[in-house]
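These notes concern the structure reproduced below.
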Amino acid sequence: MKVLLRCQRLRFIWLAKPAGRHFHRDPQLWAPLTLDDFEAINRCEKPLPKNFNFAADVLDQWSLKEKSGERPANPALWWVNGKGDEVKWSFQELGSLSRKAANVLTKPCGLQRGDRVAVILPRIPEWWLINVACMRTGLVFMPGTIQLTRKDILYRLQASKAKCIVASEEVAPAVDSIASECPNLKTKLLVSPHRWDGWLSFQELLQSASEEHNCVQTGSQEPMAIYFTSGTTGSPKMAQHSQSSLGIGYALCGRYWLDLTSSDIMWNMSDTGWIKAAIGSVFSTWLRGACVFVHRMAQFNTDTFLDTLTSYPITTLCSAPTVYRMLVQQDLKRYQFKRLRHCLTGGEPLNPEVLEQWKAQTGLELYEGYGQTEVGIICANRKGEEIKPGSMGKGVVPYDVQIIDEHGNILPSGKEGEIALRLGSDRPFCFFSEYVDNPEKTDATIRRNFYITGDRGVMDDDGYLWFVGRADDVIISSGYRIGPFEVESALIEHPAVVESAVVSSPDPIRGEVVKAFIVLAAPFKSSNREKLTAELQDHVKNSTAPYKYPRKVEFVQELPKTITGKIKRNVLRDQEWGRA
């Protein structure tokens, strides 16, 4: 029996009937194979197993359930590109193809367990294949977005000492221009229907690769992936995660925040270069046996997004607050989201007004979560619990979330301080292992018995967390501490404001004052700027404590953002203070 898989614009992959189990031969060495066991490990009710491999102990188990009829007929991966091309892979097909890909990485590419592989691919099925193939072979997966510049790629390859890079045609010229400066780089693997001098062809090698592959028996604490932090306050750090921190650590997230079952179809819009893609498009979703839905949108388009949401049976949606801000400006009541039942957001704070507008137009709640590359989801609004607009929700298991002062003392409810995680005698397995080659930065994340997030917040009497800002985003004016998010939330309530960013600006009397950079809605772009400035300032004074109003206002066409859509307040702040 053969299965035909249609892959991107007239490309096809033929594979034989999915092979049987090709992993841990000794059953006594298997990690726990039930979701209940993984969840119990997260709750600290069971010890972490000595060995664990996500491909063998999760994906291959869903493949067996699929084969025996214990899982619904949903695909494991459902990919579309809006041009009529579509890929649907079952867990069995994903298993067969990823074994072939594993053989490509270890044989023609010559990679060995522990080698680091930089992967710079857009949202295409091969990104998932390479990811799983790295799991099967014990290679360290290092994703990056295709928006990385030549300088970015050079930094990542040199800092990581990557042995191989897997990239698309868009990135190949930039890689070629700096490859000679990367002495550790031995192999360049191209994902493209075309050949490229100096590169191996992934498609050609995959066609001829064997499906027979024995999965490496990786240790639970063995390196699995390296994620480069967004670098809003300096050069990106390399946060290394273990097999278990990613592969087991998101079991409870999938149940309680994402609310997934094996019948669900999850559309997570995160770019492939960031850990949010790992959370929502790999680990949490596949731990639950759900379907990962992917749309290859080169750029976000509101019409395309809404058409996709109405045309496909998507049940669960996760996107950045920026997307929801754009969507609520549409008449959403015109659209019928047939199966959509659960909506999530994260990456930056969600303005309460957007949450309320989304619910008013769709009838659906919006569940915000807060986390970091280093430690995953820290707190979240969960189904069945009260949502307090503007709050990021309560701390999630296994974390003990606290607000502390600069000395590591726990602050009472309602007092602003640093968001921190209280630690026990052992470092939680779901933490990142380290910042690679940077022990000082790794050590700096711990203060007494707390992990320091670098963010400031407030916790109320019910344990709900309220975001104030990055520690270095907080504005101190005439002795008052002002968080940018509250001012931005007040501004967005005004119909003239599409988006805003609030930073400190030097002032000879107050030391620093609040300055707002504002993107105007189309109907207000021709307004008298002086009058509109005064109107917006009065609006903020009436919406929050008057001392927080922006004494300076600048109207801009767009705000500087990271590749993930986070506002780069540090760029605006440096511009104000003459450090740009």
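Glycine is treated like the rest: Cβ placed from N, Cα and C.
The transit peptide feature in Swiss-Prot is assigned to 1-22; the stated evidence is sequence analysis. If you look up Swiss-Prot, you'll see 229-237, 368-373, Asp455, Arg470, Lys566 marked as ATP binding site, on the strength of similarity to another entry.
The Cβ of Thr229 (ATP binding site) has 20 other Cβ atoms within 10 Å, all protein chains considered. Classification of Asp455 (ATP binding site) by DSSP places it within a strand. Sequence-distant neighbours of Gly371 (ATP binding site) (same chain, six or more apart, CB under 8 Å from its CB) are Ile279, Gly346, Ile377, Ile378, listed in sequence order. Ranked by Cβ neighbours within 10 A across all protein chains shown, the binding-site residues Glu368, Asp455 are led by Glu368. When Cβ atoms from all protein chains are considered, those within 10 Å of Ser235 (ATP binding site) total 11, not counting its own.
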